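A short worksheet on the structure shown next.
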Amino acid sequence: MASHTRVITNVDLRSHENNLAHRTREIDRERLIVRRGQPFFITLQCSDSLPPEHNLDLVLHLGKRDEVVIKVQKERAAADQWWFIQQRAQDELLLTLHSPADAIIGQYHLAAVIVSPDGRILEETDKIGFHLLFNPWCKDDVVYLPDEQQLQEYIMNEDGMIFIGSWNDIKSMSWNYGQFEDNVMEICFQVLDNSKEALRNSRMDIKKRSDPIYVGRIIAAMVNSNDDRGVVSGRWEEPYTGGVAPYRWTGSVPILQQWSRAGVRAVKYGQCWVFAGVACTVLRCLGIPTRLISNFASGHDTDENLTIEIVLNERLEPVGGRDSSWNFHCWVESWMRRDDLPKGNDGWQVLDSTPQERSDGEFRCGPCPVKAIKEGNLGVKYDAPFVFAEVNADMVFWKITPDGERQKIKVDQQSVGRNISTKSIYGNHREDVTLQYKYPEGSEKEREVYKKAGRRVTEPSDEAAEPELQLSIKHAKPVFGTDFDVIVELKNEGRKDTKAQLTILATSVTYNSFNLGECQHKITSVTVPAQQTHREVMRLHYDDYVKCVAENHLIRVKALLEISGNHEPIMTMANIPLSTPELFIQVPEKAFVRERVTAHISFINPLPVPLKGGVFTVEGAGLLSSSKIHVNEDISPGQKVFVKMSFNPVRTGVRKFLVDFDSDRLKGVKGDAILIIRKRFSIAGF
């Protein structure tokens, strides 16, 4: 390159105005972060006017080793190409760059090149980096979402609500997605860079990052650590030695930061809501509209026969088999057009990072169109039969008889997939989206979908038990730490007295139905007079169930009635959640950005025993990084404990302050408070 006085003395990426226009200012105001399909502006400052016979070229580089190089075209180009226009203004060149709506997302490096008329490179600037994201505001981008209110929720909102519990006792838990927190965007691209595909063929992987289907599939695999350098290691039972128990997390940011700091080593531990929360953070940050879904009574079908088969022994304990029905299960839905599918299958797509079954050899699921699930179109990509079974499988219960045979004791076509929930765009309350996944249970249209899906494998018996009996389980809403009664009610609506054997089993289970141990077991012979009701009471004592109850505080009660004579047995089941105390959070003063704020946190120990090793974990997007407050003294039964946390908010706006409390005997107690962070204005001279 010939020696001459440099013409281009500086490149101004105009990050402040570009980031504001591209809705990325929350990520950073100093670095350039733009969205594809939308123009942005840069300025070249020159020491002299560019000779008219010389050309200005712009060259883009992608990848750590410049695996992809793109020459930006001059003037308007084809829709799938980068192009720019330039204007002169005194000693500056004003450039407007246009990226295609299907451009590769990632970190670009831009070089401006001055070329002589004979093609010689006279000058080239140092490469300057910027990031390009998906653009759901661009009509030509396949992630385009036309509803601005939905975009504010599914891209811009850093605070989430995750719905947990059981279908008839739904609870909410706040989650800090924090997709705009410091370094999160860089970590999201680091997740992509450490996928199997990227490590195997980085050039091909980078080229495919224009496709949200490809990116979503990579994220679904990389959020869990099975098979790759993924982010979170799953564990579904204690002990959680060497890591953080899943119920202690209150947001995605500490998890992503720890994974990155540790040299992309998996963070211990996560369960379904943790995997879904982290996936939601990454996808929103990259620019794909995403929401978190909770499916109650979620089926896990391992052989794709669209039936959940549960085998019980004579004590009603599950034996053998891999099928199960989870009390709840979380995944995410991402919004994108699907040109690879028949018209009408675009829109929300299920992506699931919880490692359950393999898809193309890796633990991941989706993207699978929600519309395809509702219509029973199970031939579409990806993993439609598995997702269909999660929301609409039949359940069949078998009992092993004393001679080793299997006896069918219950067929249930309506219990799987209930109260499918997501956070409303109108606030922190639940929106039911069940009818987006399936037609009303038992409707004629639902029957048609069953047939289309090839699901008619477990038709219920037409024979009714004679005499007619009804079996139900009733209970109050018990508090963890108290004794309580479970009532099994047998109602005989027949004309004859009925003799039967009643088996009742109470066990502690995890949210995904892993059996942790027996709380109480009872077998009794009963006689139910005609047209009367018989009640059996089982007393559950804290001293008994505390020995095996999991952190989700869930007890499952099964009741089996085996009737004398040639009659089919009757079984029913109930999940009993044990409530935990509330955390009370107060922020008494008004809050201003970068000024000290103090939060007061308190709660009462509801247990009949002291709590030891108490620790509060707090965090909040735009407020503070994850921090801990240790309680040095034991917390006596009935004692109220107070702690304070002071911090300096770093961003204005409506923010959520999240708190988790854990101790030796009481775990996963959550609380949150909404703060409005203002900017303090001052007027000179007053």
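Glycine too: its Cβ is placed from the backbone N, Cα and C atoms.
Database features, via TrEMBL:
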DOMAIN    264-355  domain 'Transglutaminase-like'
ACT_SITE  Cys272  active site
ACT_SITE  His329  active site
ACT_SITE  Asp352  active site
BINDING   Asn392, Asp394, Glu441, Glu446  Ca(2+) binding site
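Ranking the active-site residues Cys272, His329, Asp352 by Cα distance from Glu441 (Ca(2+) binding site) puts His329 first.
The local packing around Glu441 (Ca(2+) binding site), expressed as other Cβ atoms within 10 Å of its Cβ over all shown chains, amounts to 14.
Distances between the Cα of Asp394 (Ca(2+) binding site) and those of the active-site residues Cys272, His329, Asp352 are shortest for His329. A C-beta separation below 8 Å, combined with a sequence spacing of at least six in one chain, links Cys272 (active site) to Trp326, Phe328, His329, Cys330, Trp331, Thr354, Tyr511, Asn512. Recorded residues Asp352 (active site) and Asn392 (Ca(2+) binding site) have their alpha carbons 17 Å apart, per Cα-Cα distance. The recorded positions examined here are Asp352, Asp394, Glu446; by Cβ neighbour count within 10 Å, the least packed of them is Glu446. When averaged over the domain 'Transglutaminase-like' (264-355), pLDDT in the model lands at 93. DSSP states for the domain 'Transglutaminase-like' (264-355), grouped as helix (H, G, I), strand (E, B) and coil, give 15 helix, 41 strand, 36 coil.
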